[in-house]
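Read the structure below first, then the notes.
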Amino acid sequence: MNAPAGARTSHAPTPQQPGPTVRISPINTAPSTGTTPSHHVEPQWWPAPFAAAPLDATVLVPASKSLTNRYLILAALASSPSTIHNTLISRDTELMLDALEAFGVQLERTAQADGSTTVRVVPPERLAAGPLTVQCGLAGTVMRFVPALAAVAGAQADFDGDAAARVRPMAPVLDALAGLGVQFSFHGAPGMLPFTMDARRLEAGADVQIDGSASSQFISAMLLAAPALPGGLRLRAAEGPLASPDHIAMTVATLRELGAVVDLDEDGRGWSVQPQRIAGFTVTVEPDLSNAGPFLAAALATRGVVRVPFWPATTTQVGGKWVQILQAMGAQVSLGADSVLTVRGTGPIRGIEYADASELAPTLAALCALADSPSKLTGIGHLRGHETDRLAALQAELGKVGAQVTVTDDGLEITPGPLRPGDLDSYEDHRMATAGALLGLAIDGVRVENIATTSKTMPDFPQQWAAMAAAAANPAAEGSR
């Protein structure tokens, strides 16, 4: 597929296409209503919309959470103000914005006519050193990235998050910071939230080894802070597999885009970052291609067509893999000169063998449950440490709708069966919730527990998903904006 160049900006014209346009608003968002895993609270059941006919819709996907929070961290460390166009406003990014304000960063938001948000980030001459408090919610980028920022600030800081965040792994990034002289006091399990850190004795010029097998965010956290560390940083991954190497590549590419000097070892497991203060910058955040996945997969699930405008010609996002994944599963995929990605489902969904799906795995696994043959997903053992144990969760929830799922050491084996409706738990995990919505699009009678957890990265997801499903039954209907 030949992609056009220069598709990074969000100001390309929206094409005139048949079918409604479904916009995911980047402004109206609410935090998750619960602070504990969904199986510990009273369930709030959402009847998943069922598509009575093939879809025909254009979906305006919100901005990338991964890129937004990387840009925000680097803007806080810059030498002058930065402007971030098409900033995602969701629970995860609100938590990051709140954290930056605690360090003395000034933030100016402007709502644009197209519904997007521009954030001007004004860093202080010196980041506030506290004592201060950071609330992480369930945002992995906040709970992993911000301690490294606090280390650069030489700060005393208390960190805590949702109850579900208190069981997510943190030790590798905290151990790496301890190697630079940062002291930690844990108020629960060692190496977990909540904790207090004291970086007043931060050391310079250290070589640091880090375990990247459970999450790429540990490595990304250290790399993002590295230019601002005294003497820079020499970072080396410990022996073992690297989780989500695509996200590490995104971090390196983002640093280089903004002028940082990052050298990569030949084996891809070591990084040297030169000390400098990055200059202020202006960027436009790409659409979140991972979050585009459920919408694109809906075309296959309903044998319809879904379009996503502003698809970048090149990207470091793991969601860029949807093109090859959906093609392998039977979709027709094309990227037009107007930067619109079009996915058509014209026949049965084919099973797939795929490695390193990372955060795409819940949606991909749901699609595999709708396929006409078995699938095997490998290289995703680290998903046990995400918002929930996603491997166990997918085994349980896909089983409710008729699939046979085996959890392996590093993935899932999925054999489709006769489909049946079921009540699907979300585990306070936004990707489990959207995977449930995808299943409900193809199976009448599915309910998803606490769909509001999607506000983590996709504001207004329930309403926009419902609008898309309604458009399947009435293609002439107008989508919401």
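The backbone N, Cα and C atoms fix where each Cβ goes, and this holds for glycine too.
These numbers come from a predicted model, not from an experiment.
Summarising the annotation, TrEMBL assigns active site, proton acceptor to E359. E359 (active site, proton acceptor) falls within a helical segment according to DSSP.
DSSP gives S244 (3-phosphoshikimate binding site) a coil state; it is part of no helix or strand. According to TrEMBL, the 3-phosphoshikimate binding site annotation covers K65, S66, R70, S215, S216, Q217, S244, E359, H386.
Neighbour count (other Cβ atoms within 10 Å of the Cβ, all protein chains): 27 for G140 (phosphoenolpyruvate binding site). Feature annotation from TrEMBL assigns phosphoenolpyruvate binding site to K65, G140, R168, Q217, R390, R431, K456.
The domain 'Enolpyruvate transferase' feature in TrEMBL is assigned to 53-464.
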DSSP state at S216 (3-phosphoshikimate binding site), helix/strand/coil: coil
Candidates K65, S216, S244, E359, H386, namely the recorded positions, that fall within 10 Å of R168 (phosphoenolpyruvate binding site) by Cα distance: H386
Residues near R70 (3-phosphoshikimate binding site) in space but at least six apart in sequence (CB under 8 A): T141, F145, S220, L224, M250, T251, T254
Whole-number Å value of the largest CA-CA distance among K65, G140, R168, Q217, R390, R431, K456, listed as phosphoenolpyruvate-binding: 19
Listed recorded positions K65, S216, S244, E359, H386, filtered to Cα within 10 Å of K456 (phosphoenolpyruvate binding site): K65
Cα separation, E359 (active site, proton acceptor) to R390 (phosphoenolpyruvate binding site) (Å, whole number): 10
H386 (3-phosphoshikimate binding site) and R431 (phosphoenolpyruvate binding site), distance between Cα atoms, whole Å: 10
